[in-house]
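TrEMBL annotations:
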- 44-65: transmembrane segment (TRANSMEM)
- 57-327: domain 'G-protein coupled receptors family 1 profile' (DOMAIN)
- 77-98: transmembrane segment (TRANSMEM)
- 118-136: transmembrane segment (TRANSMEM)
- 156-176: transmembrane segment (TRANSMEM)
- 201-229: transmembrane segment (TRANSMEM)
- 275-295: transmembrane segment (TRANSMEM)
- 307-330: transmembrane segment (TRANSMEM)
- 371-402: region 'Disordered' (REGION)
- 371-390: compositional bias 'Polar residues' (COMPBIAS)
Amino acid sequence: MEEVLRAAESGAQNVSWTRENGSMLGNISANPLKRNEDVAKVEVTVLVLVLLLALTGNACVLWAVSATKRHQSRMYYFMKHLSIADLVVAVFQVLPQLIWDITFRFYGPDLLCRTVKYLQVVGMFASTYMLVLMSVDRCVAICQPLRTVDKSIDRFCVLFSWALSLIFSSPQVYIFSLREVGDGVYDCWGDFVQPWGAKAYITWMSVSIYILPVVILSVCYGLVCFKLWQNLNLKTKRGPLRAFVSRASRDAHPLSGVSSVRLVSKAKIRTVKMTFVVVLAYVVCWTPFFFVQMWSAWDPAAPREDMAFIIAMLLASLNSCCNPWIYMFFAGHLFHDLMHRLCCGCGCGCRRNPTEKHCRRRHRGTSSTYIIRNTNHGPSLAHTSSTGVQDTEEPAESHSSF
């Protein structure tokens, strides 16, 4: 997009997604034949860190989700596809940009140029739309808690989002091509036939990837906040009555130490908090980028320094690597499941029984054994002490289930 802005006067607008060698929407260098090498080194270093964090983080999330018993839940389904979209961003957007910054020029045929530009935008669309789906899902879960959603609807929404991402990215194939930017110097640049083409394209991309999704996200979380405020007022008014009912329930059922309704409510609120932080990270990372794009496209007096575009692009790239660590923070059991799977894989004190389908973990230096197993009433956590007495509790999953 930046490249479009730099060549607008000549009628050959160059659109991509980075700097002089092509940013996600345009070429941004005023002089495509040279660059600041010191700035390029910093950019390469940051992109390497972003790429490593995005690949390892999202791969760990996918592995942990596949290992956990909760992977069938709707929340985990959307998390899985958001992680896949972030991996697409890392592999097809950050990695090509890293290679491009190292070589300075695009070394490849015209078909590769068009393919790279196309895939660079697919991940952006997919990541944004998966985040919107996740937020809408949490809004429905909070505002209509008794409503059941068929899994086929979730699959359709996810597939439809991927299809939209593939379709909306198709203009990149026609805009970009391998063309001469100097005497005997070729690069992957974009071209618009009409002078207003660059403005129209940048505006379209900003609306479809940022402005419209942010509006939907704002509406969703506005409804969620209103519903939570209503529930808080309701709990405050019914506090004494609930306390009396809770005491009566404990007297009638001494083994039930917690309220299942309360646990489910806390789990939903926790997922809403996690999704909100993911949305906040998205807004923080992408707002400077699209602000710079729109400002430069519509204001002829806007500053044209490369540094502003580079910082905005690098900040936008951070979004693909911060999401998995947010998941790990709010869904701590994901990290525990991942470590447990690694532990079982390397055989360091954890063993599985394929016939009984439970996992047993023994702690060195103690005589206690914790066994997670299935009972007729569902999974339970049994603790056997050295005295041979066995105590049973509700599983930890119920406190952190999505």
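Cβ atoms here come from the backbone N, Cα and C positions, even for glycine.
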Among 44-65, 77-98, 118-136, 156-176, 307-330, point out the range having the most Cβ pairs under 8 angstroms from the transmembrane segment (201-229).
118-136
Integer mean pLDDT for the domain 'G-protein coupled receptors family 1 profile' (57-327):
82
I'm a bit unsure how to read this: which one of 118-136, 156-176, 307-330 has the highest number of Cβ pairs shorter than 8 Å with the transmembrane segment (44-65)?
307-330
Intrachain residues whose Cβ lies under 8 Å of the transmembrane segment (118-136), provided they are six or more past its termini:
16-17, 24, 75, 78-79, 81-82, 84-86, 88-90, 92-93, 96-97, 157-158, 161-162, 164-166, 168-170, 172-173, 205, 208-210, 213, 216-217, 220-221, 275, 278-279, 282, 319-320
